[in-house]
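What Swiss-Prot says about this protein:
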type: DOMAIN; residues: 1-109; note: domain 'C2'
type: BINDING; residues: Asp19, Asp26, Asp76, Asp78; note: Ca(2+) 1 binding site
type: BINDING; residues: Asp78, Ser81, Asp84; note: Ca(2+) 3 binding site
type: MOD_RES; residues: Ser260; note: phosphoserine
type: REGION; residues: 265-330; note: region 'Disordered'
type: COMPBIAS; residues: 274-289; note: compositional bias 'Polar residues'
type: COMPBIAS; residues: 290-318; note: compositional bias 'Low complexity'
type: MOD_RES; residues: Ser293; note: phosphoserine
type: MOD_RES; residues: Ser295; note: phosphoserine
type: MOD_RES; residues: Ser304; note: phosphoserine
type: MOD_RES; residues: Ser305; note: phosphoserine
type: MOD_RES; residues: Ser306; note: phosphoserine
type: MOD_RES; residues: Thr317; note: phosphothreonine
type: COMPBIAS; residues: 319-328; note: compositional bias 'Gly residues'
type: MOD_RES; residues: Ser323; note: phosphoserine
type: MOD_RES; residues: Thr601; note: phosphothreonine
type: REGION; residues: 639-669; note: region 'Disordered'
type: MOD_RES; residues: Ser643; note: phosphoserine
type: MOD_RES; residues: Ser657; note: phosphoserine
type: MOD_RES; residues: Ser662; note: phosphoserine
type: MOD_RES; residues: Thr666; note: phosphothreonine
type: MOD_RES; residues: Ser671; note: phosphoserine
type: MOD_RES; residues: Thr807; note: phosphothreonine
type: MOD_RES; residues: Ser852; note: phosphoserine
Amino acid sequence: MPGKLKVKIVAGRHLPVMDRASDLTDAFVEVKFGNTTFKTDVYLKSLNPQWNSEWFKFEVDDEDLQDEPLQITVLDHDTYSANDAIGKVYIDIDPLLYSEAATVISGWFPIYDTIHGIRGEINVVVKVDLFNDLNRFRQSSCGVKFFCTTAIPKCYRAVIIHGFVEELVVNEDPEYQWIDRIRTPRASNEARQRLISLMSGELQRKIGLKVLEMRGNAVVGYLQCFDLEGESGLVVRAIGTACTLDKLSSPAAFLPACNSPSKEMKEIPFNEDPNPNTHSSGPSTPLKNQTYSFSPSKSYSRQSSSSDTDLSLTPKTGMGSGSAGKEGGPFKALLRQQTQSALEQREFPFFTLTAFPPGFLVHVGGVVSAGSVKLLDRIHNPDEPETRDAWWAEIRQEIKSLAKALGCHAVVGYSESTSICEEVCILSASGTAAVLNPRFLQDGTVEGCLEQRLEENLPTRCGFCHIPYDELNMPFPAHLTYCYNCRKQKVPDVLFTTIDLPTDATVIGKGCLIQARLCRLKKKAQAEANATAISNLLPFIEYEVHTQLMNKLKLKGMNALFGLRIQITVGENMLMGLASATGVYLAALPTPGGIQIAGKTPNDGSYEQHISHMQKKINDTIAKNKELYEINPPEISEEIIGSPIPEPRQRSRLLRSQSESSDEVTELDLSHGKKDAFVLEIDDTDAMEDVHSLLTDVPPPSGFYSCNTEIMPGINNWTSEIQMFTSVRVIRLSSLNLTNQALNKNFNDLCENLLKSLYFKLRSMIPCCLCHVNFTVSLPEKEINQGTSTASPKNFDKKQALQTTKTPVEKSLQRASTDNEELLQFPLELCSDSFPSHPFPPAKAVTVERASPVGDGNFRNRSAPPCANSTVGVVKMTPLSFIPGAKITKYLGIINMFFIRETTSLREEGGVSGFLHAFIAEVFAMVRAHVAALGGNAVVSYIMKQCVFMENPNKNQAQCLINVSGDAVVFVRESDLEVVSSQQPTTNCQSSCTESEVTT
């Protein structure tokens, strides 16, 4: 057999009382894997049983090891009746199948019951012995690593980035089977949890097979989603970017590659910049001095068609992005054609990554998105999901054609989402059209002289802003100006992207969170009529969301959006649209023009006075925002030395649309951006409401900043420990006043209150920045709106933020260490012997900085100690892909968990707030326990992808489904690394320090 699974049940603690007569429990354990079940002996009359069982051995195929979860069921023995279930534990075996990962899973796992929640803990030890299998027709993909992070993982080197992989599996939902009418809610929930866990494992295995066919060994930017289609079935789908990664193991290569962004952000990388308000976008990418290789498509057979891209391009060390010279050079055109042909040989040239090494992106065209409304049908054959595959293939093909229309051959920052209500499903996909770096192809057609000629052009840090399309045949109306940095190429007046801010971008001032929120009523209908009504509403919602984003961006005095995420949610009688992004001022783009209001009735004196009053308020708001975010761009003058400025009246013919005359000539000049060209015309009540919503947008309190990207542009010096907050709010709408205006107000209040609750809890951390603010909205029932938000607050040194020159590492770097624990909003309570019964304070926003249920003794047999100074391992959780003040030394595998919680005593458990708070706390406790059992001490790239709440107040019932994922890692603090490095020989210390300084 290719694999042997060994399980040992050690002990239990804090079990619930199951025998009312003795106030004790007669507990035993069932261990099940596949169709094989083992049982322990019954431990009589104890709430802390000590089974210390023998090793239970399962001889299984490696395919089953990937698909099946290990099920551990704790029961109470009853002599004369059926045994009572206490709870279950599902353990994913996949992290043990990596050659570099943990060798054993050992620790205390919370025993979870879908009705009662966590009911004690159980100590389990799991081992796997794998045999070499050289069968070329095998159906397993053991050894393929999965990463949730949307950047190349720390401590790894990207050899080849192959491209897009996708897969989906379908099945019937146990909640809607006929047997569900006669079985208990607990049995139904457990059947659903087990099926989802099984489908998740099967999905990872199938994607791993595609990666192996592409000669890769990892999937980065792995995004898995569950589509609960009701009676139609259950769909689990995933997308990712296939890569070939190499582990950096030597100390000389490892230390600079794993530098925490906290260290790199605390310096301003561009010390030659004369503008004091100009900062780098963030840390230098850890892969700056590494080799990336994109190989043209290889000729090998494929067993099945997959949507992937196998391109191979290798930027050399130190090459910046951008077209530093003229765009139309014959050599660059030749290389661009070669890269484009290599990309076009694959079906979908998509990348789920959002952060890239310098030089990877040559041009960014803008956001491309596509959507479709589908009518769900029953899944007749779970083994043949052609219908859903065809739906997504249509969406991806449209995305590809839109990118091509923008003059781009790839899509980066790609993501997919769905929204389902009854029989209607909205499929959405979005990404950023881009041109990837065509230099240094490995096909042998590029000679050294060409490379040397290309290397003569120095990077300008503005190339990704230059338009990739032909300005004489633009795909859409746009205002173009010459780049404010190089003065050679054309740039748009505004730039929208779904990726993180490139590391080599030049930003003026600070960034901020910008949101567009919209609600629209729709008539309640069924089947095709409902789908038609939604299809008719969608274009208008998308247009209004885009208009809101544009208006708010100009109101902030900024000219670019990064990390754009648009979510369209459908309910029974309404549609909701939410767009979140981080606004910045790019130095290469023109200064945004103001917002001018125009009315339809110029003869009305009072109306004109009202218009002028609003115009004054808008102008004052723009001025205040520029002062708040320190946006002070330098004046453009022709006396700047070394910057050739083109003629201000250079002729440029722009074809704005098919209906306009081709003889129209638009003259562009550098002062174009300073004109008030953006006009808001007030011609009805809705337009007036839009203007009022702009002016009533609540700014963050003094000392607070927020963004939805990992790094706040313009802030480079983090000083605090890592924390994460999660908030869930549910509001019930009144059916009496359901109008568009009332819906919009309620939706705005929901989002604002989520942010205000975080600001209030973090008021002692000022100055504070909320990073990676992630919003999710849903309409679980007819008159219920639900909002979920997660954020990672971080302190920064305001005095150092005002420094304008690069300072030495010793002066500018303030490492996050245990000395900063007084900055934690909730201090850690370390307890190794007992698991806290109430692991979170009674607040609606949940902090995850709590003690792990596993002590330090459970970190044995690991390659690296997680925390040398602490006596108890505290499992940290963060939505960021890094940990400030620390270096990630090892990735232990992906954490992907799905939980269901149901109650029939909602009021007794504290109502909706108490029920949701307790459930989220239990989810965090179970995630931390699984990570600690693997030997990890942190979860990075954490995301709560689904939180579906349903209630029946009349029956005092409620149900909630939560899906979370992240990367389990081992990290070591930089202070600990310094102690280790100081004990090394002097020569090694000097060499490592030199390389570290070069990296930062």
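Here the Cβ of each residue, glycine as well, is placed from N, Cα and C on the backbone.
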For the domain 'C2' (1-109), the number of residues DSSP places in helix, strand and coil: 10 helix, 51 strand, 48 coil
For Asp84 (Ca(2+) 3 binding site), the one of Asp19, Asp26, Asp76, Asp78 that lies nearest, given that the binding-site residues are compared by Cα: Asp76
Fewest Cβ neighbours within 10 Å, where candidates are the binding-site residues Asp19, Asp26: Asp19
Cβ-centroid neighbourhood (8 Å) of the Ca(2+) 3 site, Asp78, Ser81, Asp84 excluded: Asp76, His77, Tyr80, Ala82, Asn83
Among Asp76, Asp78, Asp84, which are binding-site residues, the residue with the most C-beta atoms within 10 angstroms of its C-beta: Asp76
Model confidence over the domain 'C2' (1-109), averaged pLDDT: 90
